């Protein structure tokens, strides 16, 4: 039963690869039949669990309620999407975001649920570090706007360079991951090599200091919450 439950959970989550917009598109009827099959298995598993559990205990368990709501939402969304598709009306399968609920809330997923609970408890404690990082990012973006915004610089594609504050925030946010390095700094570097100091300072402060600090806070708090949970272990 556990293996079958995990298989159909995996199949249900994998449908996102084949539904429009898809990586490997399959006909709507095929994905719909597979999804309904998965939901019927989940409903059968829940019904079986209700038969062997005390009535009051079953209905007081939030996990069971979440699974029932997720099944109802998925079927409703599938029916609405199918009807709109018949009338050639574009719509979005918004119920996809509830599919991980099946992975978390079934009784067999105790370890996954424990990890999820640790992550949830960790989030409030890392908020302060995240806010400091965002403040640093916004301040560096403001400095970049003042440094480069009025110099009429252009990118290699001929687009305006660092003249819109929100675009600057996004470009510098990407630079934290070094994904657009050194391309993002080249228009400023071509204008004056001294401007490279701004980007070097940004990378040192945000990539090397803040990201290391952020990782340390996340790890320490996650380990702490994992320790205090019943049956939890950090090894």
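Note that Cβ sites are derived from N, Cα and C of the backbone, with glycine treated the same way.
Where the annotation comes from TrEMBL, it is an automatic prediction and has not been curated.
Ranges compared are 106-125, 126-145, and TrEMBL records transmembrane segment for 126-145. Confidence for the domain 'Ion transport' (6-224), expressed as mean pLDDT, is 89.
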